[in-house]
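So that you can see what the record holds, here are the features copied from TrEMBL:
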BINDING   Cys137, Cys141, Cys144  [4Fe-4S] cluster binding site
DOMAIN    123-337  domain 'Radical SAM core'
MOD_RES   Lys349  N6-(pyridoxal phosphate)lysine
Amino acid sequence: MPPRTLPEKEFHSHAPGYWQDKNVTPEQWNSHVWQLKNRVTTLAGLEEHLTLSEEERAGVLLSGNKLAMAITPHYFNLIHPTNPDCAIRRQVIPRIEETWEDPNEMSDPCGEDSHMPVPGLVHRYPDRVLFLVTDRCASYCRYCTRSRVVSGVGEQELHTEFEAAFRYLEEHTEVRDVLLSGGDALLLSDNKLESILKRIRAIPHIEFLRIGSRVPIFLPQRITPELCQMLAKYHPLWMSVHVNHPRELTTEVKEGLERLANHGIPLGNQSVLLRGVNDNPEVMKSLVHKLLMCRVRPYYLYQCDLIQGSSHLRTSVSKGVEIIEHLRGHTTGYGVPQFVIDAPGGGGKVPVNPDYVVMKDDQRTLVRNYEGEFFEYPEPGNQVATWSSTPANRLSMIWEPGAKW
Ligand SMILES: *Cc1c(COP(=O)(O)O)cnc(C)c1O
């Protein structure tokens, strides 16, 4: 077979991009403080560089009272100047559809508020907790599942009582895993973040720390050697990043991810399945290949939560299953994430998989492989009539759904 070229497989630097004529020194560009200070947050800021559609203009004007708009210059440079269908645009530029009401949508789709024993701590699973340490992010994803508390303009304020949370963790010896998120924990200063990590690390039963962050993608300048050295003092510490489209993996992002990996931090990726962004098997294959090159293991692919104003970004569950089928067997197993639905209302993450087990009884299991061929596996002590010891071990049968076996 001829080698196929996957979309946007290369790593590029897009700097200085739209900031070309603005006399920005490399020192400024490479400073996360400068990047944060120069985020694009207004309609005028967008229109200085981009031609917006009516849906986008109206969206920017109307939706900003629910979830602020902010885009770092680094990430802004990935946006196509004129195409409203650009996969990067759809993630960070509001559209009028955000104000639409859908009866299935919720402000807290994963039911987090009802699982908070103390403010800021979500304890849903038996042995691990989610600790929301800030309400700020480097840029705001339009489909944010936590838009009710994130960015400072929404309906709720994020209350985090650090002392109460630390006490809860100390008392609850069943908790062995703490996941820092927010907002984005990497927006805290090194000192503030270290004070939290140090305090949690001092609790003997906490075995495992992780940080969920999109800062390596939105603001790779924040991944400084100093930050990495600090984090490495608190091992085992893992990190889950959030990349949805292969173009987000720029040269600068790759360098930041490699720096984290070089400091012994295992990296996973959590993608959200988004219409017009990554609901395409070839785009997802390109993404997982690039992640592996950055030493990031694709971890989860999320069905988009039923967050208010996300109908234009959601797609069908079967699309997610189709993407997994397109990856499993066809490419590196490390590159295949687990597709999950975070159960609406607060049931936690539920895996959703293609059906590879076609039929099963107490003597045998009939499975289907990635190429659509059928194989029979006998249970211990059972002799299956059609079982053959040839390496191919294939059944030459066509199975139709509902057929008697
Ligand atoms: C996702 C999540 C976790 C972590 O789940 P893992 O499957 O272990 O990655 C923990 N707590 C909450 C509330 C979560 O939503």
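Including glycine, each Cβ sits where the backbone N, Cα and C put it.
Where TrEMBL records a feature, it is marked here on the structure.
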| residue | record | CB count, 10 Å |
| --- | --- | --- |
| Cys137 | [4Fe-4S] cluster binding site | 25 |
| Cys141 | [4Fe-4S] cluster binding site | 20 |
| Cys144 | [4Fe-4S] cluster binding site | 21 |
| Lys349 | N6-(pyridoxal phosphate)lysine | 16 |
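On the backbone, the CA of Cys144 ([4Fe-4S] cluster binding site) and the CA of Lys349 (N6-(pyridoxal phosphate)lysine) stand 16 Å apart.
Each residue in the domain 'Radical SAM core' (123-337) has a pLDDT score, and their mean in this model is 98. Listed in chain order, the residues near the [4Fe-4S] cluster site other than Cys137, Cys141, Cys144 are Leu67, Ser139, Tyr140, Arg142, Tyr143, Arg146, Ser147, Val150, Ser151, Arg214, each with its Cβ within 8 Å of the site Cβ centroid.
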